[in-house]
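Asks: The structure is given below, and queries will be raised subsequently.
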Amino acid sequence: MATPYVPVPMPIGNSASSFTTNRNQRSSSFGSVSTSSNSSKGQLEDSNMGNFKQTSVPDQMDNTSSVCSSPLIRTKFTGTASSIEYSTRPRDTEEQNPETVNWEDRPSTPTILGYEVMEERAKFTVYKILVKKTPEESWVVFRRYTDFSRLNDKLKEMFPGFRLALPPKRWFKDNYNADFLEDRQLGLQAFLQNLVAHKDIANCLAVREFLCLDDPPGPFDSLEESRAFCETLEETNYRLQKELLEKQKEMESLKKLLSEKQLHIDTLENRIRTLSLEPEESLDVSETEGEQILKVESSALEVDQDVLDEESRADNKPCLSFSEPENAVSEIEVAEVAYDAEED
C-alpha cells in the first residue's frame, strides 16, 4: 500500500535568505558572549536561560529597515545620586568605532556588585557588574561565568602575549556554595581589573561588547535590566532614607547640645550679673564703715585731747604750789646768812 504524499511548505525567495541570515545580536543582560559561540555547551546553556528577553540590532545587510523612534532610557549615576536620561536619537548614531576610541576614553574598572542564582528552568549563577564609562554615566550588565571564560579564550587568541588570571572551573563540588561564589566573585573582579589595566585589551571589540560600551543597555531592554533598574532605585531610596534618618538624629543631638550650651550661657550671665552687683554693696558698706571709723577716731582724738588737757592742768598746779616754798627757803637761807654775818 503506497503512502500518500504530503507536501511540506518550504520558504522560498527572500524569506529563505533572511531566515538563514546571521544576525549580530547586541549584548543584552547576560549571555551575549555566549550567543556568539557555536559550541554545543553554549547552545545548551543558552537554551536553558528561560524566557529572558534578548535584544538585537539590525544587521549591516538590512539597511532599509526602519529605525525605531522610541526614546532610549538610560540610568545615570551622578556622584551619590541617580537620574534617568531620555534620548530620542537612534542607537545607531550613538555607536562609536572602537578604533577611534582614545586611551583616555576607556571606562573605569567595572565593579561586580554581587551574584544571583537563577532557577527559571536550569539553575545557574549570574554576576551583576556595574560599568562606569564616565563619572556621570554608568549602567549594569549581567554575565555568567561562561561569558567570562569565552571572553578569556577570545583574548588569548587576540593577545597571545597576555595571560589573564581567570578563576578555574569547579567540576565535582557544589558550584552554588556561598563561600565558593564569593571567592569566584573576587577572582572575576581581579580579572576585570586586569582587562582595564591594558590599553589594547580595554579597547578591543570583545571587551567593548562584553561591557556594552558602545551600546549601553537600557532599563527596559530585558527583564533583568528592568529588575536591575528597579533594584538600583530601591537601593538609592534606601540609602537616601538612611542618610535622612542619620541627619535627623544628628540634628536632634545638635539641638540638645545647643540647649545645654544655652543653659550654660544663661548660668554664666547670671553669675556675671551677680558679681557686678557685689562691688556696689561692698562700696556702700566700706563707706559706712569708714564714716564710723572716722567718728570713732575723732571721738578718740577728742578724748585724748581732754586727757592731755587734764594732765597739763594737773602738771601746772604742783609747780605753782612748790614755787612758794622754794622762795621761802631762799629767804630763810638769806636771812640766816645775814644773821650769821651780824653775829660775826
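For all residues, glycine too, the Cβ spot is worked out from N, Cα and C.
According to Swiss-Prot:
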REGION    1-66  region 'Disordered'
COMPBIAS  1-10  compositional bias 'Pro residues'
REGION    81-107  region 'Disordered'
DOMAIN    105-218  domain 'PX'
MOD_RES   S222  phosphoserine
Asks: How many of the residues that make up the domain 'PX' (105-218) does DSSP mark as helix, as strand and as coil?
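Replies: Residue counts in helix, strand and coil order: 46 helix, 27 strand, 41 coil.
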Asks: Across the domain 'PX' (105-218), what does the mean pLDDT come to, as a whole number?
Replies: 84
